[in-house]
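Report on the following structure.
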């Protein structure tokens, strides 16, 4: 029997009919022999509607009260979904983030999880109930309700999966997994069968919207397998794992048909599970009835800042370390042949329209100038993505420095830099909000020359001008004009042979966070 954490987004629970469909899937997963914990977002556009109501009353709502308001949407969802599951004959209990033991810091509106103490959730599933938890929210040290910001429900689900030592965290959305590009821009994008967590992190960080970056980071740190699927179909979806390609891990049974017929998802599991799997599952279940609570994912001596701050696996007790090790040992390993099958050169293309470009012209080209500039930007809490410094113009001793940051951060960054112009010594500040960023991601870049040449050649043939370039070991990002971003994505997608012969993607929903 597997312990499955399922997360459903707003589009999956947009109305009562959608709630019933999700309830049937939960019950089918339970009837397949699994223990189920569910994390759910607010219904459809509920959060946006709450924001509109607040805006109608005030232009300066207190952050604490906004968090109380915005958490209401998820509270409604968990109560209704628990009722829907119970109506199908399976006991279910609803929990707010606070009741589920999701502990956060006090950054209202974008709090970070610092610990998970899931005693009540653990007791619920031990007594045979389905635990349904409100995503996107938690409680801080003074017992105030906090919200986690964008991607908060994904993060809640993965954090709970880690604290409970779950076999898998299923992320349900309105598309059938991750694709080689956004199907809305590239209709012939292919579904990606499996991705490494490293590749997924790069895609999430550079515009892919299906999974939030924080959730992927959690999953990678705590070894939580992710399975991204659609709540509107029973297609296989995309597996995200750490370290190996398909076959590296698979929980016992983690799937069900949408309707009343129950079926195992044989497409996402090896046909012959490891003989050690039942023993490992037994050891995990036998770690101690209160183990999930004892193993709460909290800050540790090696990670004093808490879960959102840095990589540390020292968050589980000895029993759970043993259980994790046993499960890892029981998971099927690829054959020698599979071990040597090379990954595709390119896994996918992400794009991002949410960044602005700021250029400081005529910066003194002296040691410490860049450090001074970015210390001032850091003081505004702006999150910088790409940075480019030009070669100093001969005989002038001056250079230009450009960087990109989220559009919501750029106003504060510009204001701070303009205020420090005399101190920094630059001549002028140029601002460009009309940019887009295209990012090419693939682990195969490490061992395949010519990727850059093909990328830049395809953009040149499409008449796309490049403003900035940034790279990592498995990623190349370019800044282009927003007006040509879609065309650029399609050109690069075709140049790397990622097009499917026919459209594979279906977007079933399209509402909610």
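Placement of Cβ uses the backbone N, Cα and C atoms for every residue, glycine included.
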From the ranges 117-165, 166-214, 215-263, 264-312, grab the one TrEMBL calls region 'Disordered'.
264-312
Overall pLDDT of the domain 'ACT' (440-513), taken as the mean:
89
Please list residues from the chain of residue 74 (substrate binding site) whose Cβ is under 8 angstroms from its Cβ, counting only those at least six apart in sequence.
40, 41, 42, 96, 97, 134, 135, 136, 137, 153
Largest pairwise Cα distance, Å, within the listed ATP binders 7, 8, 9, 10, 173, 174, 184?
23
Just to verify a number: CA distance, residue 47 (substrate binding site) to residue 10 (ATP binding site), in angstrom, no decimals.
9
For residue 184 (ATP binding site), the number of other Cβ atoms found within 10 Å of its own Cβ:
13
